[in-house]
Amino acid sequence: MDSQEQSSAAVARDPSRPAPPECVHLRSGTPRGRRRKDWSCSLVMASLVGAFGSSFLYGYNLSAVNAPAPYIKTFYNESWERRHGHRIDLDTLTLLWSVTVSIFAIGGLVGTFLVKLIVKVLGRKLTLLVNNGFAISATLLMACSLHAGAFEMLILGRFIMGVDGGIALSVLPMYLSEISPKEIRGSLGQVTAIFICIGVFTGQLLGLPELLGKESTWPYLFGVIAVPVLVQLVSLPFLPESPRYLIFEKHDQAGAEKAFQTFLGKEDVSREVEEVLAESREQRNSRLVSVLELLRSPSVRWQVITVVITMACYQLCGLNAIWFYTNSIFGKAGIPPEKIPYITLSTGGIETLAAIFSGLVIERMGRRPLLIGGFGLMTLFFGILTITLTLQDHAPWLPYLSVVCILAIIAAFCSGPGGIPFILTGEFFQQSQRPAAYTVAGTINWLSNFAVGLLFPFIQKSLDTYCFLVFAAICLAGALYLYFFLPETKNKTHAEISQAFAKRNKAYPPEKKIDSAVTDDKTNGRPEPDSSSTLENCVKKRIV
């Protein structure tokens with residue numbers, strides 16, 4: 001037996017001998033890729049508090065304005081008559097109401113443009129806290145508009161609330177992506193989508209006539225916004241800043257170590273810190289990339305295209321059309337009109353359950369199956385819904401099938417397309433590119449949102465029930481693109497994801513050669529070294 005074999009035998013015989021980190025998985029019998037996925041209390045708290053004061057408000061403001069719509073229009077009429085001595089004409093009222101609804105998206109677009117500048121100066125956590133100033137201002141304006149008799153306050157409040165949403169939907173996914181281990185990055189990222197759905201459901205619930213959906217109490221619907229704002233203001237200051245931001249922007253390694261220890265719930269975070277430091281050394285001479293530079297960069301061309309398409313499909317897939325038709329479809333299914341608001345709550349409940357399901361399975365199934373499957377199922381059920389709506393007078397059971405299709409479309413959307421686009425934006429780009437990438441994604445998101453609100457009434461008027469075929473075509477195009485061009489990003493580092501896009505981009509990112517070599521081995525199907533060969537390597541390197 002030569003000296004190397006004796007060393008190997010000694011390692012095998014002496015279990016008390018300490019092993020280096022790269023060889024621990026051999027002794028424990030746990031494969032290298034199956035480390036325990038720890039959800040520390042701080043990580044859970046950061047995701048819940050961050051989402052409750054951010055994405056929850058976005059979802060809440062999408063639905064809270066629907067229930068009191070008749071009372072708000074009455075308020076507009078009374079205010080106009082008080083000022084001008086005559087009632088407002090129908091066209092002007094329609095215009096004012098359209099502005100009230102759509103200006104939320106304009107504010108979101110403005111907020112998105114502010115993100116890159118704010119996160120550079122304030123960081124992720126402090127940006128979320130400062131953003132609450134917009135929410136508080138909007139709450140006061142909207143809640144006091146009836147008492148002041150000024151409908152302009154309500155419109156301005158909606159605009160400012162949109163600014164809050166634009167900042168929140170960019171900074172929150174960025175913060176969660178940077179504080180989470182890659183093993184649970186997808187599940188933690190889905191918290192954003194889950195709280196959007198919970199916000200929509202809460203807005204529907206509080207908008208019931210028995211609660212705040214009455215003529216005398218509708219301003220309190222907007223006053224409720226102060227609750228999640230105060231919760232975030234009280235809780236978030238006790239949680240750390242993003243460790244990646246501390247290293248990249250503040251060069252605070254000690255602070256980053258403490259942040260990693262808090263979020264990961266363990267003392268030894270040397271591996272995580274070294275990974276970030278290695279990426280920081282590679283980008284030592286780089287600065288924050290502008291949006292124009294990101295769009296011109298050949299090394300991320302297909303990442304940008306993929307983000308643009310997924311975000312556009314996220315808004316243009318037709319879910320807003322579903323909300324438009326819900327009441328009429330439920331009415332034709334035989335549900336009494338006074339019961340329809342309560343049945344509509346089921347759609348919000350389905351949204352929430354589907355988003356939670358996605359968060360639970362995303363790290364097992366991956367991003368690709370949930371996105372492609374979600375858009376594919378939406379295509380199928382949009383087609384069936386078109387048929388059932390066209391023929392619903394020919395059979396008494398067809399309206400009930402329409403109800404099932406509506407619930408299925410909502411579930412398919414929230415199980416994948418409803419949240420994963422935000423996760424992909426954080427995974428595709430390196431630290432210096434991420435703020436610009438979220439600016440691009442947010443711009444597409446809010447512009448598409450505005451386009452749907454502006455164009456859908458004309459599409460619906462021209463095509464009637466056949467308008468769903470337009471959305472089916474968009475969902476099908478999105479599914480096909482993702483099937484052919486989207487690589488799986490589950491449990492992958494940024495270097496591995498960049499390498500997956502490199503061949504299509506025809507430009508390799510400036511990553512370490514060793515990362516490229518490892519990724520090439522995986523791509524070409526060469527197996528990783530087994531336990532025995534890894535043990536021999538440890539012995540040869542005199543690690544043991």
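Cβ coordinates come from backbone N, Cα and C, glycine included.
Copied from TrEMBL, the annotated features are:
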COMPBIAS  511-529  compositional bias 'Basic and acidic residues'
DOMAIN    47-490  domain 'Major facilitator superfamily (MFS) profile'
REGION    1-35  region 'Disordered'
REGION    511-537  region 'Disordered'
TRANSMEM  41-60  transmembrane segment
TRANSMEM  95-119  transmembrane segment
TRANSMEM  126-149  transmembrane segment
TRANSMEM  155-176  transmembrane segment
TRANSMEM  188-206  transmembrane segment
TRANSMEM  218-239  transmembrane segment
TRANSMEM  304-325  transmembrane segment
TRANSMEM  340-362  transmembrane segment
TRANSMEM  369-391  transmembrane segment
TRANSMEM  397-424  transmembrane segment
TRANSMEM  436-459  transmembrane segment
TRANSMEM  465-486  transmembrane segment
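The stretch in 95-119, 155-176, 397-424 that contributes the largest number of Cβ pairs under 8 Å to the transmembrane segment (369-391) is 397-424. Distant neighbours of the transmembrane segment (465-486): 302, 305-306, 309-310, 313, 316-318, 321, 367-368, 371-372, 375-376, 378-379, 382-383, 385-386, 389-390, 417, 456, 459, 504; these residues of the same chain sit at least 6 beyond its ends, with a Cβ under 8 Å from one of its Cβ atoms. Recorded stretches compared: 126-149, 218-239, 397-424, 436-459; the one with the most Cβ pairs under 8 Å to the transmembrane segment (95-119) is 436-459.
A Cβ distance under 8 Å defines the sequence-distant neighbours of the transmembrane segment (304-325), meaning residues of its chain 6+ beyond its ends; these are 66, 294-295, 347, 371, 375, 378, 382, 389, 406, 409-410, 413, 417-418, 420-421, 424-425, 428, 437, 440-441, 444-445, 448-449, 451-453, 456, 460, 467-468, 470-472, 474-475, 477-478, 481-482, 485-486. In this chain, the transmembrane segment (126-149) lies out of contact with the transmembrane segment (436-459); the count of Cβ pairs under 8 Å, excluding pairs fewer than 6 apart in sequence, is fewer than 3. Note on the domain 'Major facilitator superfamily (MFS) profile' (47-490): mean pLDDT across this stretch is 86. Contact between the transmembrane segment (340-362) and the transmembrane segment (397-424) is supported: at least 3 Cβ pairs lie under 8 Å, counting only residues 6 or more apart in sequence.
Listed stretches 41-60, 126-149, 155-176 were compared with the transmembrane segment (218-239); the greatest number of C-beta pairs under 8 angstroms is found for 126-149. The stretch in 126-149, 155-176, 188-206, 397-424 that contributes the largest number of Cβ pairs under 8 Å to the transmembrane segment (41-60) is 188-206. Here the transmembrane segment (155-176) has Cβ contacts under 8 Å with residues 46-47, 50-51, 53-55, 57-58, 61, 65, 96, 99-101, 103-115, 118-119, 124-125, 127-128, 131-132, 134-135, 137-142, 145, 188-189, 191-192, 222, 225, 242, 422-423, 425-426, 434-435, 438-439, 441-442, 445-446 of the same chain, all six or more residues outside its ends.
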